[in-house]
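Participant: Pulled these from TrEMBL:
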DOMAIN    68-103  domain 'EF-hand'
DOMAIN    104-139  domain 'EF-hand'
DOMAIN    149-184  domain 'EF-hand'
Amino acid sequence: MGNNPAGPGLKLGKTLSDADVIELSASSGFTPEKVREWHSGFIKDCPSGKLNKKKFVEVYKQFYPTGKAEKFCEYIFRAFDNDSSGNIDFCEFLIAISITAQEEPKKKLEWAFSMYDIDRNGFIEKKEMKKIMEAIFDLLGEEKKGTNTPQLKVDQIFTRMDVNGDGKLSKEEFISGCLQDDYLRRLLAPSAS
């Protein structure tokens, strides 16, 4: 794996060595027992050791049965797939779970920023935010009419967050804006409270 966030050279298979568990525990913040538990479940669901996009969407849809999860899943999957292999391996999965499960809002917001920065240029532009808003609306089954449209939400977000008025959000503007506004934090990073 090229961009292994847990450490260079960590190659994981169907079993974890004690050294693998220690390294993953240190990088994720999970106890060694929890790492083994997550790995066991991951291998049970993904015997190949890889989670592909189709399976990811299948699993994610279970949490939003009334919405359309496909578009939003694309963005989440891309953010989890650190090495852009088209699959999520256990290491990427565990690091992503640790980020989304932790208490610190700033870390969750950094991850949300990486998901919303679709072209990975270090900024969220209006067109990127609009795609994300459309995906969120679809996911939640929101009606897109009147004052409740993705474009209006994007305009509101940029009015509040784009401090320097350059038409794009830096990571700092995004994180600061979300930390200062409960509504935006709940909308853009629901579990970052």
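Even glycines carry a Cβ here, placed using N, Cα and C.
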Participant: I'd like the per-state residue tally for the domain 'EF-hand' (68-103) from DSSP, helix first, then strand, then coil.
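Facilitator: Result for the domain 'EF-hand' (68-103), in helix, strand, coil order: 23 helix, 3 strand, 10 coil.
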Participant: Same chain only, please: residues at least 6 beyond the ends of the domain 'EF-hand' (104-139) with a C-beta under 8 Å from a C-beta of the stretch. Say none if there are none.
Facilitator: 64, 67-72, 74-76, 78-79, 96, 150-151, 153-154, 157-158, 167-171, 174-175, 178-179, 185, 187-189, 191-193
